[in-house]
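A.B. asks: Below you will find the structure I want to go over with you.
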Amino acid sequence: MERGEAYGFSAVMSGTFLLSCLLFAAINRRQRGPYMDEAFHVPQAQAYCHGRFLQWDPMITTLPGLYLASVGVVKPAAWLFGWTGSVVCSAAMLRFINLLFSAGNFYLLYLLLLKIHQKNKAVSGFQRILSTLTLAMFPTLYFFTFLYYTDPGSVFFTLFAYLMCLYGNHKTSALLGFCGFMFRQTNIVWTVFCAGNVVAEKLNEAWKTELQKKKDEKISSRKGSLSDLMRILRFLIKYLISLKNLVTLTALTWPYIILVTVFFVFVFVNDGIVVGDRSSHEACLHFPQLFYFLSFTVFFSFPHLLTPTKIRKFLLSLRKHPVQYSLIAVISLFLIWKFTYVHKYLLSDNRHYTFYVWRKIFQRHELVKYILVPVYMFAGWSFADTLKSKSIFWILMYFVCLLAVTVPQKLLEFRYFILPFLIYRLNIPFPSLYRQLLELAFYIVVNAVTFYLFLNKTFQWPNSDEIQRFMW
């Protein structure tokens, strides 16, 4: 990092943290007590603060990583500054832990952009800082910076694990992956993703050697065609049935293998992945979740994905490959028909934006979910098109992880999309400065509207005196 870039980064990060602190103070003045899931998280953390580590709220579905981390920060701080009484482990103090995680995420996002795009010398320091600021302001994540939820800490440890993986520190990466798993069990998928990065790199090296041997330029120049995919599939099978290759991959990824083994032992002992209220968190094959994620990504990355050039390219591709797209459309229609699930929370909780998305769009008519298939197809094509700079093995590995983290979820919840979105956004090529500025401006507007609604447009339920607020 050059000196000018270092100064610029420090100034932007400090300024963002200061503005976040001011917003944090405003939110805590308006919402002093626990809200929504905080009603479970805050008392659980306070029990840990008082040393009651065997006490557990059965409504909590995640492991105690958030509470352990909170106690590990708050208790030493209380001793150092002489805090006593209700201020220690109050709702505001616990929320402040997520503000610290948010600052950590800002730094990690910058380091990841620096590492992933290190070969692109055309990217300026200003662009890196701007992209970091944009991703740090990603609305769905940024909102939960100010509440006591697991998301900022979950993202912090997962991004940290990914960074260590990219630098080849796989034991450290697996340890950080374990911390992420303790915040949210589904983060084990991103441990597999880190191991997959190593495997994809080795496969890509072997594939290039294979191409060089055969001197077949067509394969590399037409990446993505059906014949190429069949050749790659045969190569994968041939590579993975080799004992020598398997030993090499195992030697490289053994820390991740141990962690995944621990996860399966946990699932066996716990008789499932959820630790608390299982009735509301049943796993299922909810394939349309992938379509919702793609739509979510297009919405938040529209400066990169929803452009006239991409639309023209998609229509041209549609004209060239009508049979393939027809088959994809039929499969999509079948998946929507047979595998669409509607969670009871989605229909009943009018505090979440997803409630209104479902009511205003999907519940207008039974056919709406099928009519949206062309939108999903464009979203999927545009999504894949922005990743074409990555190797085919990286794309396959990411897609498998994306399916694993979205499809089993019955509830449509935008928070579940945060990590797959960030991983995707970190790995696409740097857009033009104009598109970066447009994206940042869009995020700022969305955040402003979100916080305005949360703070000022309150309402009450019948037969309840509690103030309700709109949120993600």
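The backbone N, Cα and C atoms fix where each Cβ goes, and this holds for glycine too.
So TrEMBL lists the following for this protein:
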- 6-27: transmembrane segment (TRANSMEM)
- 60-81: transmembrane segment (TRANSMEM)
- 93-114: transmembrane segment (TRANSMEM)
- 126-149: transmembrane segment (TRANSMEM)
- 155-183: transmembrane segment (TRANSMEM)
- 246-269: transmembrane segment (TRANSMEM)
- 289-306: transmembrane segment (TRANSMEM)
- 327-347: transmembrane segment (TRANSMEM)
- 367-384: transmembrane segment (TRANSMEM)
- 391-408: transmembrane segment (TRANSMEM)
- 437-455: transmembrane segment (TRANSMEM)
A.B. asks: Report, as numbers and ranges, every residue of the chain located at least six residues beyond the transmembrane segment (126-149) whose Cβ falls under 8 Å of a Cβ in that stretch; write 'none' if there are none.
C.D. replies: 5, 8-9, 12, 16, 20, 23-24, 27, 34-38, 41-42, 45, 66, 91, 94-95, 97-99, 101-102, 105-106, 109-110, 113-114, 117, 155, 300, 414-415, 417-418, 421-422, 425-426, 430, 433, 436-437, 439-440, 443-444, 446-447, 450-451, 454, 471-472
A.B. asks: Mind checking which residues of the chain, 6+ beyond the ends of the transmembrane segment (246-269), have their Cβ under 8 Å from one of its Cβ atoms?
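C.D. replies: Distant Cβ neighbours of the transmembrane segment (246-269) are 170-171, 173-175, 177-178, 181, 185, 188, 191-192, 194-195, 198-199, 202, 240.
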A.B. asks: Out of 6-27, 93-114, 327-347, 367-384, 437-455, which stretch touches the transmembrane segment (155-183) the most, going by CB pairs under 8 Å?
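C.D. replies: Result: 93-114.
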A.B. asks: If we skip the immediate neighbours and take only residues 6+ beyond the ends of the transmembrane segment (367-384), which ones have a Cβ under 8 Å from one of its Cβ atoms?
C.D. replies: 288, 291, 294-295, 297-298, 305-306, 310-311, 314, 317, 325, 328-329, 332-333, 336-337, 340, 361, 395, 424
A.B. asks: The transmembrane segment (289-306) and the transmembrane segment (93-114): do they have three or more Cβ pairs under 8 Å, with pairs 6 or more apart in sequence?
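C.D. replies: Contact between the transmembrane segment (289-306) and the transmembrane segment (93-114): absent, because fewer than 3 Cβ pairs are under 8 Å.
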A.B. asks: Taking contact to mean 3 or more CB pairs closer than 8 A (sequence separation of 6 or more), are the transmembrane segment (289-306) and the transmembrane segment (6-27) in contact?
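C.D. replies: Result for the transmembrane segment (289-306) with the transmembrane segment (6-27) is no.
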A.B. asks: Find the member of 6-27, 60-81, 327-347 that has more C-beta pairs under 8 Å to the transmembrane segment (437-455) than any other listed stretch.
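C.D. replies: Comparing 6-27, 60-81, 327-347: 6-27 has the most Cβ pairs near the transmembrane segment (437-455).
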